[in-house]
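Let me begin by presenting the structure, written as structure tokens, before commenting on it.
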């Protein structure tokens, strides 16, 4: 039976309201604030100290003890170093997925259950657990599934798709049935107006409000290279480092009638291939190679293992619509995704996240995306128009 719950308290309204809801349900609640980035670093501009003060204030109002854990070294090793390595290799990483996998739902989760001896962990994520918002169904011995929340606009299952099934089995999402507006209304009702009015954090914490190109140049040395037209092979401009660009990004090259967009990056030669036009075939893909998936749904994993293929739904950006797809295993044991409709700017290093109608099934890092062949492009460009605008 679940009695004692550790809540990851960030200083924001969502985690504070989650702690309130847990206390109202009668759980013994312990708040823990995670410090993952060292603000002494001259580049990082996270609002860590202000967030800590807000977390302390919220816990005082709730009568909940607050402790701190420091994962700065572990975050640097497991998340930030990987982030830099990927950019130097021409990839575009997702540090939020890595942070959830390695820090919040691994180190922190284990600390809460094994070191502190608590029964479960709760977070302020907008997601649902099939065992219940408060793990009411944990005694059933059923596997937990990561379900889409009531507030589909705030859905954060995309960023949780890399966590382990073991961690999910002992994780509560008290906000799973709430709309964001309801959370803010409740916060005001219980005296948390200052948190309800607080601006939501967006983007990458360690970048803060800085321009990304300015930030990344502090860690990766610029290296001048060519922009090559992917059709003609002609040099149409120069860049100052492949780490400053991502697939689909507009290059803003002068002296050309049509705008150019990044189609592909080649780290070995420090070359960026660019395509003329927003929906150039080189920017559209239906076939994707991915790493072996991290499965949150054992049934889907078993279907793929038994039959060699799985019908599901796909996205690689959390704000984009889901697209039907088929995930398969090739004879060479490669995992392949075939989309029913082409998508624009599918980016190596990002994550393919798989869904059914109600749940997030798992995720896999994208290795490559094959561009549309020109002879098929005209009809498929029209098919893609509604998805890539």
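From the backbone N, Cα and C atoms, a Cβ is placed for every residue, glycine too.
Among 34, 89, the residue that Swiss-Prot places alongside 8, 9, 10, 11, 12, 13, 14, 15, 124 at the ATP binding site is 34. When Cα-Cα distances from residue 10 (ATP binding site) are compared across the recorded positions 99, 125, 250, 350, the shortest belongs to 125. For the recorded sites 125, 250, the greatest number of Cβ atoms within 10 Å around a candidate Cβ is found at 125.
Looking only at Cα atoms, residue 12 (ATP binding site) sits nearest to 125 among the recorded positions 99, 125, 250, 350. A sphere of 10 angstroms centred on the C-beta of residue 10 (ATP binding site) encloses 21 other C-beta atoms. Among the record's ATP binders, 8, 9, 10, 11, 12, 13, 14, 15, 34, 124, no two C-alpha atoms are more than 16 Å apart, and one pair sits at exactly that spread. A Cα-Cα distance of 10 Å separates residue 125 (site 'Interaction with tRNA') from residue 8 (ATP binding site).
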